[in-house]
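Undergrad: What follows is a single structure, and I will ask about it in a moment.
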Amino acid sequence: MLCARPLLFRSACLSKSIPSRPFSKDSAAASYDVVIVGGGLSGLALAAAIGSLPLARELLNIALVDASDLTRKYNWNSDPHTYSSSVCSITNASREFLDSIGVWQHVEQSRTSPIESMQVWDGISNSRICFSNSDIDPGGSIFEMARLTENLNLHRALLHRLDEIPGRVELIDQVKVESITRSGTWPVVNLSGGRSLQTRLLIGADGFKSPVRSFAQIGSSGWAYPSHAVVGTLHHPSSNHPQHNTTAYQRFLPTGPIAFLPLTKEVSTVVWSTSVQLASILRSVHPDVLAHLINAAFRLPEVSIRYLHSILLERGADGITPESITEEIKFRENAHGIGPHSALYSSDVVSLGVGIPPIGSEAYPPLVHSVQAGSQASFPLKLSHADSYVGEGVGERTALVGDAAHTVHPLAGQGLNMGLEDARVLAQTIGEALSLGGDIGSYISLIPYHTARYAPNHAIISVIDKLHKLYSLTSPPAVWARSVGLEVLNELGPIKSALMGVAGSKTKQDMAEPLQHYGAAGWHAAATVVESLSGGIRTGKVVAGSLGGLVSSLVQNAAKNTRG
Amino acid sequence: MNRIASIRRTVRSLHSTASTINPDEIDFFSRLASQWWDPRGEFALLHRMNPVRVGFIRDKIIQTLDEDITPLDHLSPTRSARILDGMEALDIGCGGGLLAESLARLGARTTGVDASESNIKIAALHASADARLTTGINYRYGSAEEMVAEGKKFDLVCSMEVLEHVNNPRTFLTSCADLVKPGGHLFLSTISRTPLSYFLAIFMAEHALRLVRPGTHDYSKFVKPSELVEFFQHPDLAWISRTYGGIPIRKEAEIRGLIYNPLEGAWKTLPAGLSGTQCNYLFWARKPNLS
Ligand SMILES: Cc1cc2nc3c(=O)[nH]c(=O)nc-3n(C[C@H](O)[C@H](O)[C@H](O)COP(=O)(O)OP(=O)(O)OC[C@H]3O[C@@H](n4cnc5c(N)ncnc54)[C@H](O)[C@@H]3O)c2cc1C
């Protein structure tokens with residue numbers, strides 16, 4: 001081997017002040033300080049965050065590899081009448097981070113929607129919890145609770161931001177990482193097409209199946225939920241709904257939660273987690289059938305939802321027409337005495353959109369008129385948490401962010417937000433190591449990232465999972481306990497505001513406080529509450545009627561956790 | 001090309017002591033090097049301490065650079081990302097090169113010197129794996145006194161966790177002071193001589209928790225911060241002009257306690273002053289400019 005100079009630098013890279021020679025002299029691979037595998041939202045946000053570090057310009061050589069076509073995402077042309085059904089709610093904390101690294105400015109604002117309140121209720125008892133910005137900020141200086149955006153809108157913004165940081169991040173798309181090896185101490189990423197990248201620090205932002213995690217031999221624990229999430233874009237034009245479509249709704253059915261997430265005044269998205277069999281039918285039913293089923297799923301008593309599900313399972317996606325499902329829903333409405341003047345009525349969508357809305361309509365989402373063609377999709381749901389976010393020994397010089405490190409049920413809209421917070425903290429950790437002359441790939445440089453992120457993520461993962469478990473139960477004591485729990489929660493200002501703290505809402509005076517701490521305390525408090533509820537069910541305490549005891553222990557736990 | 005051959009080649013290409021490594025020893029020393037550099041191995045405490053020490057160095061350097069700026073300098077372009085760019089640094093008792101590598105990455109042309117030949121080989125081998133480092137770093141087997149005899153001077157002289165091991169601290173400190181250019185910096189870290197330091201550094205760390213090898217430290221050699229201040233205040237050196245309640249003025253010298261939290265596995269510096277300096281502490285002093 002005669003020449004061991006790095007190959008394949010984009011011309012922009014040549015203008016950099018960084019000497020582009022390899023760290024290890026015996027390698028034919030191009031050398032980088034940071035290679036990020038994965039151009040999903042977490043990986044791109046991390047690239048933008050590192051690229052925005054003041055020290056990075058002079059000191060770092062960064063590449064990002066992704067299997068997909070990033071140019072297509074860069075050029076995404078948003079048709080004003082159609083919306084992608086892959087959406088995420090972005091907390092205020094995440095938005096602030098995206099703003100600070102110059103990304104939020106590139107998000108097309110008219111295609112995002114603020115979430116100003118949330119209504120969450122029990123599918124069986126109808127016990128309800130309402131979150132709204134006025135809860136934590138009676139004075140009205142609060143911004144919003146969260147912001148809904150299409151993933152593509154954010155994807156494009158991230159790519160446009162990276163474009164502004166010339167030469168600092170080399171994007172290598174439409175190639176797969178085929179293997180990861182090591183040359184001396186340095187990880188080497190071998191790409192389809194034969195190119196190899198040697199790196200000081202290898203970051204796995206490569207999603208649930210993370211090849212980087214496997215390479216680093218970092219274990220991961222968790223399980224697949226026996227459910228999938230069906231998504232779709234919902235149109236509800238000329239709605240006479242009392243809200244301006246800035247309320248998110250979520251109903252916990254025993255089969256899983258169904259969520260309605262506003263995107264514009266007349267467009268929203270559904271995220272419907274349900275059994276795998278049912279999900280595969282909902283994904284492929286006629287869009288009009290899905291529209292009817294969604295309206296009913298938010299309104300009809302649980303017994304009727306169960307009945308509709310049994311029909312779907314019996315007849316399959318092709319056995320149901322919009323007409324036949326309307327008949328079935330009408331039949332169930334009659335059985336429950338639900339007439340056209342009830343907020344629970346949904347079988348005649350067209351005539352309902354006009355005139356004075358029935359009393360109590362604001363408790364339910366706007367009636368869906370149609371589901372956008374081609375927007376139905378479904379995703380498997382799982383819980384997983386890596387044993388560590390930083391590799392050691394055989395895995396040295398690696399770190400994990402986003403879904404590569406953890407996946408959660410979407411019921412709390414936290415997955416991406418956790419990944420964005422990972423990206424923020426990891427970039428900060430790298431910046432600190434640079435300013436200390438550290439080797440940014442070393443365990444010592446990276447361990448503060450693991451320490452800062454592991455416990456907070458763990459708290460979120462556990463509370464989401466416990467909520468999911470609690471709401472899958474249908475036995476009367478469980479329903480009773482969680483209904484009381486929800487109502488107690490509703491009264492607990494500190495827990496609510498803390499919960500919303502992690503949901504990113506904060507008053508102006510909170511601005512100075514580190515948000516993640518605020519949020520983490522809230523999740524711990526929430527975890528304790530959920531734990532108390534589950535505990536009550538197990539021991540039968542609740543059935544014994546010790547309401548006073550349950551409530552006071554909830555309050556005590558909450559007080560303890562919010563104070564401490 | 002196999003790894004050993006490449007190390008051999010890089011080692012031969014290193015300017016200094018590393019080139020004296022016998023090729024047969026390379027295997028042996030690269031094994032030692034990987035033990036020395038194992039962040040969870042025998043030197044774990046030292047690895048964890050390094051970022052905190054460098055943080056102290058960084059902050060003092062930035063502070064003095066800021067204070068030295070004359071009004072006209074504000075017009076000059078912003079400072080390099082490598083805050084030690086253009087400086088010559090010496091690390092006395094460099095061990096496996098932990099601090100020396102950090103100083104080199106921050107831009108200093110760095111010399112590491114150690115009285116243990118094996119340490120020097122470990123350090124040189126480790127640095128040779130990282131081609132970004134080898135231009136800025138240079139290791140030699142020897143002593144501070146030899147460098148004084150050669151008339152060497154540096155902008156930055158560091159000696160971390162060495163003072164408590166030397167036989168004649170007065171001679172050692174005199175050499176350290178001599179190696180600093182006028183206007184340059186001296187950074188030390190060491191352990192004070194107090195009942196607490198006996199308890200923590202010897203009883204707990206060596207015997208109860210076995211964080212370091214028993215026999216690593218000798219209590220009688222520990223140096224109190226007040227003794228360091230006195231040394232640098234003595235008219236022979238006069239780096240410190242006056243003290244208030246035993247504390248030197250901030251532009252001349254600084255003492256900071258350094259505590260280890262075993263639960264977090266992390267070191268922390270305490271605010272400047274004498275509080276919390278009963279065990280590990282950092283010391284900085286600046287040699288007066290010739291006037
Ligand atoms: C239905 C649903 C609703 C959700 N709603 C929300 C919400 O409201 N709020 C929220 O915060 N989160 C939400 N989430 C979660 C969120 O979508 C994910 O957490 C987030 O998108 C994960 O991003 P990532 O970049 O970590 O991983 P991914 O998006 O999985 O990206 C991984 C990338 O790595 C690349 N890659 C993998 N292997 C290779 C390889 N070998 N070679 C090259 N490239 C490779 C892939 O191409 C991919 O681009 C939701 C999830 C679902 C399923």
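Glycine is no exception: its Cβ is also placed from the backbone N, Cα and C atoms.
TrEMBL annotations: computationally assigned, not manually curated.
Residues or ranges marked as S-adenosyl-L-methionine binding site by TrEMBL: B:Arg53, B:Gly93, B:Asp114, B:Met160. Sequence annotations record features per position, and here TrEMBL assigns Mg(2+) binding site to B:Glu161, B:Glu164, B:His165.
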Undergrad: Rounded to an integer, what is the Cα-Cα distance in Å between B:Glu164 (Mg(2+) binding site) and B:Arg53 (S-adenosyl-L-methionine binding site)?
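TA: Just about 17 Å between their Cα atoms.
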Undergrad: Under 8 Å between C-beta atoms and at least six apart in sequence, can you list the same-chain neighbours of B:His165 (Mg(2+) binding site), or say none if there are none?
TA: B:Gly93, B:His217, B:Asp218, B:Lys221
Undergrad: Applying a 10 Å Cβ distance cut-off over all chains shown, what neighbour count does B:Glu164 (Mg(2+) binding site) have?
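TA: Excluding its own Cβ, B:Glu164 (Mg(2+) binding site) sees 22 Cβ atoms within 10 Å.
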Undergrad: B:Arg53 (S-adenosyl-L-methionine binding site) has how many other Cβ neighbours within 10 Å of its own Cβ?
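TA: There are 23 such Cβ atoms around B:Arg53 (S-adenosyl-L-methionine binding site).
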Undergrad: With Cβ-Cβ distance below 8 Å and at least 6 positions apart along the chain, what are the contacts of B:Glu161 (Mg(2+) binding site)? List them in sequence order.
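TA: Set apart from B:Glu161 (Mg(2+) binding site) by at least 6 residues yet with Cβ under 8 Å, we have B:Leu46, B:Gly93, B:Ser189, B:Thr190.
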Undergrad: Taking the center of the Cβ atoms of B:Glu161, B:Glu164, B:His165 at the recorded Mg(2+) site, which other residues in this chain have a Cβ no more than 8 Å from that point?
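TA: Close Cβ neighbours, site residues excluded: B:Gly93, B:Val162, B:Leu163, B:Val166, B:Thr190, B:Ile191, B:His217, B:Lys221.
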Undergrad: Within 10 Å of each Cβ, count the other Cβ atoms and name the one among the binding-site residues B:Gly93, B:Asp114, B:Met160 with the highest count.
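TA: In terms of Cβ crowding, the pick is B:Asp114.
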Undergrad: What's the longest C-alpha separation between any two of B:Arg53, B:Gly93, B:Asp114, B:Met160, the listed S-adenosyl-L-methionine-binding residues, in angstrom?
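TA: In whole numbers, the farthest two Cα atoms are 19 Å apart.
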Undergrad: Using DSSP and collapsing to three states, where does B:Glu164 (Mg(2+) binding site) fall: helix, strand or coil?
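TA: The residue in question, B:Glu164 (Mg(2+) binding site), is helix (DSSP, three-state).
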Undergrad: Quick one: what's DSSP say for B:Arg53 (S-adenosyl-L-methionine binding site), helix, strand or coil?
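TA: Assignment for B:Arg53 (S-adenosyl-L-methionine binding site) reads helix.
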